[in-house]
Amino acid sequence: MKHGIHFFDRSIFTTAIQDFTAVIKEDPMNAQARLYRGRAYAKQQQYRNAIEDLSAALHLDPFCWLAFYHRGCILRHVDPKRALQDFSVSVLINDTQENFYSFLHRGVIYAEQCQWSFAICDFESVLALDRSVTFAYLSIGLIMLLHLDQYYKAIQLFTDAIEVDPLNVRAYICRAQAYHKIHNLQNAVRDINRAIHLYPNKSQLNILRGKYLMEMKKYELSSLCIHQVAEIDEESFKSQPVQRALIQSFCQNHNKAIECICEVIAIQPEPSMYVLLGKIQMKAKKTKDAMESFKHATKLLIASGRTLPNTFEAAEMHYLIGLCYMEQVNLLKACDAFSVAVRLHSSYPDAFYQRGLCRMQLGQAMCIQDFNRTLALCPSHFQAYMSRAVYYGSKGRYSKAILNCNEALKIDPNSVRAYFYRGTLKYQNKTYKVAIEDLSKTIDLNKSCILAYYNRAVSYNQIKDFRKALKDYGILLLLELKKEIVFKVLINRGLLYVELGDYANACEDFKEATLHRPFDSQIFQAIGICYHRINEFEEAVRSFNQVLKLDPLSVDAYVERGNSYMENGQEPDRKQAQKDFLKALHLNPKCVKARICLGCNLQALGKFQKAWNQFTVAIDIDPKCHAAYDGRASVCLQMGETFAAFQDTNAALKLTTTAALLTNRGVINQFMGYLSCAMRDYQNAISVDPDYALAYFNAGNIYFRNRQFSQALGYYSKALQLEPRNESAVMNRAITNTLLKNIKEAKEDFEKAVSLCPFSAAVYFNRANLHYGLKQYELAEKDISTALSIQPNDALMYKFRADIRAKLGFRKEAIDDYKQAISIQEQINSI
């Protein structure tokens with residue numbers, strides 16, 4: 001037995017078989033001898049004898065995992081099912097590192113049977129036992145690359161294989177192909193270069209590198225690769241000038257390719273050679289020369305007597321002539337050439353398709369018949385479906401266009417163009433959510449598809465998903481865009497920010513847009529409005545000044561500039577605003593907005609009758625302008641004409657129902673003493689707009705007046721939740737908390753009121769009252785003194801401070817305050 005094993009280990013299988021046979025004759029039950037002899041037979045390709053011995057070994061020793069393994073190896077190609085069973089039993093008996101080949105072979109069989117998940121599982125088991133098996137990495141990677149489309153995982157696996165074996169050419173080639181799948185051409189070329197370095201004479205590697213360089217538009221390097229291929233078999237390359245011409249044409253060396261074909265034509269002036277010459281000339285953008293070549297080919301065909309009515313060769317020539325006419329934008333002649341082509345060969349789908357394109361560009365409805373004929377001849381004609389979709393889309397028949405895109409996607413499921421166009425059609429059809437799905441698929445297929453991001457952003461805007469729309473606009477601005485697209489993106493994003501109320505960011509986008517169109521007055525108008533909304537009125541005025549420089553007759557610019565002046569609140573600014581409103585009315589006397597703004601301006605200047613007149617004129621111009629009624633109501637209220645104000649507010653409410661108008665009517669009702677009606681108006685205002693703070697504040701005031709302090713507190717709190725900086729609401733809530741004995745809350749509110757209005761005497765006076773009630777006389781005295789420093793001629797406050805000082809024992813100071821209070825009151829009475 002030892003003698004036989006010795007010869008087996010040294011691959012002297014004939015002698016080893018003789019020794020194992022002798023052992024088996026002596027001991028027929030020797031399983032080990034059967035195993036070794038079976039393995040020796042397998043080495044000598046005596047597979048039948050090998051299987052018999054291995055089966056006998058297993059009969060004698062059912063737990064011999066090596067016998068199962070070797071029998072599985074023999075049966076792998078002839079009986080894969082039994083081989084799987086043998087490998088499975090082998091790993092069941094022994095799943096350690098010494099039996100990893102059973103996992104490996106079983107994985108190969110699963111891969112051959114397209115059972116990818118089982119194959120991956122076995123190869124992963126191999127790697128768990130031995131991390132240095134590069135074949136396992138490569139096998140899993142190829143499954144990921146070729147069958148599961150998981151390119152990034154494949155790249156990682158090929159990288160792992162290279163780390164184990166840096167000289168493995170196959171790993172570099174596979175990783176290059178995976179990089180190519182994800183359009184990472186730079187890394188793909190780098191890996192192919194490494195493979196070529198290891199195997200420099202492999203012509204296929206040079207061809208593959210040339211292909212990748214061609215896709216990267218590095219034509220000179222691509223040409224060099226093709227020449228390297230030619231140098232490997234230089235003689236055969238030189239003896240085939242047509243092949244040389246094709247290679248030169250592939251490398252974009254069209255002039256050299258033309259020279260090669262001309263050499264052939266000089267010897268062999270065949271029609272086919274002229275056709276080939278014309279095709280190369282078309283690639284070289286020498287359309288006139290190409291047309292001459294094709295026409296010369298047709299003349300030769302006629303001269304040779306080979307022209308027939310249904311000859312495809314002749315039809316192709318006319319088809320190519322038609323393409324040349326299309327290149328020259330001579331659509332009528334192109335259409336005639338394609339018509340000749342389909343007459344000569346009625347089963348020519350490309351000729352029908354190109355004629356359809358010509359007719360579509362000429363606005364002829366017959367184009368659809370050509371597209372239909374194309375698809376009847378070639379149902380897998382992707383371009384015909386897409387062109388038919390374009391035609392139906394141009395006619396507004398979006399559903400039918402979408403169906404054609406669906407058919408195109410059945411032919412090419414990864415077509416960026418088809419997904420993009422179907423997405424835009426769905427947008428036009430106002431089915432925005434499904435449009436977003438198609439545009440997202442477009443982006444998945446092509447991360448740099450600018451129009452897909454743009455259209456998806458617009459679609460997100462339509463469904464009010466502003467966050468995602470802003471994200472897409474942001475991505476677009478990170479890409480390399482044409483100036484026109486950048487401008488549109490900035491304008492759209494700016495308008496989106498305006499819709500969200502984010503006027504600061506909108507302003508920044510509009511300002512950047514002015515760099516692209518510095519003479520567009522509308523952009524400066526938008527910038528001015530944004531500055532106005534963020535209370536930067538001086539900047540707003542500057543922007544409107546720029547608008548008026550570009551467009552001196554812009555009524556809107558005068559109105560908006562006037563409004564910005566008004567917001568400053570100073571007398572000179574109001575005068576300037578009045579001038580702007582008058583200029584706007586001079587340009588357009590029927591501009592209702594300008595009249596309303598002028599009315600508000602006159603009202604602010606105390607010229608109530610003139611303001612009333614402006615609002616009245618605005619109503620005469622547009623009887624349905626609720627803002628004019630509201631403005632006149634406000635003036636009437638200030639003039640003491642309460643009932644007239646009430647009538648105008650009612651007229652405005654008949655035109656539109658808003659929280660502001662209801663609140664205004666509530667104020668008028670409150671002036672008239674109808675508190676229940678006022679409260680009803682405030683409650684209706686809240687139901688119309690639950691976020692209208694003034695309605696809550698006014699309702700809280702009525703509750704406060706009726707001494708319903710708990711209810712008042714709730715309404716003041718809601719008003720402050722909506723407008724945290726409303727100093728009146730803060731102070732009123734502080735007083736309410738004081739009356740409700742909510743001392744801590746009252747103090748907090750007074751602190752906030754002081755921070756909001758540090759120069760309000762009323763705040764300090766009311767806080768002094770709080771401290772007085774708490775017998776904190778020193779704090780009360782400090783607050784009332786601060787109030788008097790702000791408002792020094794108030795008899796009531798002097799009297800209050802006198803009371804506080806009396807409590808503190810400051811009798812002299814108290815008497816002085818009493819005297820001051822009496823003196824101020826006497827002065828008031830004498831007036």
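Indices start at 1 and increase along the chain as displayed.
Keep in mind that glycine also has a Cβ here, set from the backbone N, Cα and C atoms.
Among the features that TrEMBL reports, repeat 'TPR' is placed at 31-64 (among others).
Averaged across the repeat 'TPR' (169-202), pLDDT in this predicted model comes to 81. Look at TrEMBL and you will find 169-202 (among others) tagged as repeat 'TPR'.
According to TrEMBL, the repeat 'TPR' annotation covers 382-415 (among others).
Taken from TrEMBL, the feature repeat 'TPR' applies to 487-520 (among others). Per DSSP, the repeat 'TPR' (487-520) is made up of 28 helix, 0 strand, 6 coil.
Cβ atoms under 8 Å from those of the repeat 'TPR' (521-554) belong to residues 491, 494, 498, 503-504, 506-507, 510-511, 513-514, 560-561, 563-565, 567-568, 587 of the same chain, restricted to positions at least 6 beyond its ends. The repeat 'TPR' annotation in TrEMBL covers 521-554 (among others).
Per TrEMBL, the feature repeat 'TPR' maps to 659-692 (among others). Same-chain residues lying 6+ beyond the ends of the repeat 'TPR' (659-692) with a Cβ under 8 Å from its Cβ atoms: 626, 630, 633-634, 637, 642-643, 645-646, 649-650, 652-653, 698-699, 702, 705-706, 722.
According to TrEMBL, the repeat 'TPR' annotation covers 693-726 (among others). Assigned with DSSP, the residues of the repeat 'TPR' (693-726) fall into helix, strand and coil as follows: 27 helix, 0 strand, 7 coil.
The repeat 'TPR' annotation in TrEMBL covers 761-794 (among others).
Secondary structure counts, DSSP: the repeat 'TPR' (382-415) has 27 helix, 0 strand, 7 coil.
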